[in-house]
């Protein structure tokens, strides 16, 4: 980990290690330094944090089709999945936020990723074995895995954010960007696997191909978590080999305008800080920080997080119900069918979310006024009537909304606003904290409000399910 603000590394032997080259690209002067490995590791960890959620969400059309014989299960899959996931996250994050003493945050990251691998191995196998099981049994099985996946994500998220909160904003940005990438890639993987299925005159063959494609889709979640574990292990390995940390007598002030691109450099490039500090000093927190202290410093920021995700969680209900207006006029086109159009809608939203997060690398897009953040987050409610005017369940759209392009533009803007608010909030947390213990505790505190926002939005989504169906 990076040096905390009160225990910087000196400019002697430590800086040589800070600038250590871990990879040299043959025939070029380009090298990857330890800080570059650090940035990549936290980006992949960010991907692994959100990948499970997006896997379950993007597969909503697949499960809706699989539960078609039980309309009650099919219509409520998205809302039930979101409710179980968010309530589990809220309660478990609340529990983790109170366990601050003698905590090994790196161990939480490792345990969370191992649990994710286990869950999605089961999910992938369930698409290959027992495909004729009762819809009720499958529904219960999926929801149990949603619960376990949420526990794993909570462990990894709190551990990961605790580590980056005591580091440069650069690495918090890596986690945020990685999470946004995780929103885009699962949708692409599902669309690609669906489109790749060859047309068959036999319905059983089509179903078998679809199950295999979705199984591969779930196995990708295992691969992402495995890669994240390997990269995290490499970072810890380099930490074990580093020279002794000098006395804590100097001060280090991280630059607010550090460029993420600076982690990749030629041999003459500037040095970077360590990824992982001594385990005894950085992985264990011994001072309990009350919620009242964190609330006094972060109340406007965490309320913005709550409102942002409360509104965002209403969107999947509409995305799962809105169909292409071109389906009837182009019945032979796979792209206008529900099995492709719905994942495409999630993909467009996630692209907007990714662009919104990446845009915050430019100061002009970073929101600085917390009051404006709250107003901005509440104004996103205006997107709901827009979605309601679209082609829900192929019943027809109203006015200018009788167009897939208008719908996709609305999704893009909705996703962008989510990404911009998310990045602005989480990149600002450390600025309001005074001590290393507060920064670590803030990871659990913000996670609680994020989970509460998601839980509130998922519960509210049942109301919109009733309006739609």
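Positions of Cβ are set from backbone N, Cα and C atoms, glycine also.
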The residue range that TrEMBL labels transmembrane segment, out of 5-26, 137-158, is 137-158
Candidate ranges 256-277, 278-299, 300-321; TrEMBL annotation transmembrane segment resolves to 300-321
TrEMBL record, transmembrane segment, of the ranges 115-131, 336-352 the matching one is 115-131
Top stretch by Cβ pairs under 8 Å to the transmembrane segment (30-53) (candidates 115-131, 137-158, 300-321, 374-394, 406-429) is 137-158
Sequence gap of 6 or more, Cβ distance under 8 Å, 3 or more pairs: do the transmembrane segment (441-468) and the transmembrane segment (73-95) meet that? yes
Ranking 73-95, 212-234, 300-321, 406-429 by Cβ pairs under 8 Å to the transmembrane segment (115-131) puts first 212-234
One stretch in 212-234, 300-321, 406-429 has more Cβ pairs under 8 Å to the transmembrane segment (73-95) than the rest, namely 300-321
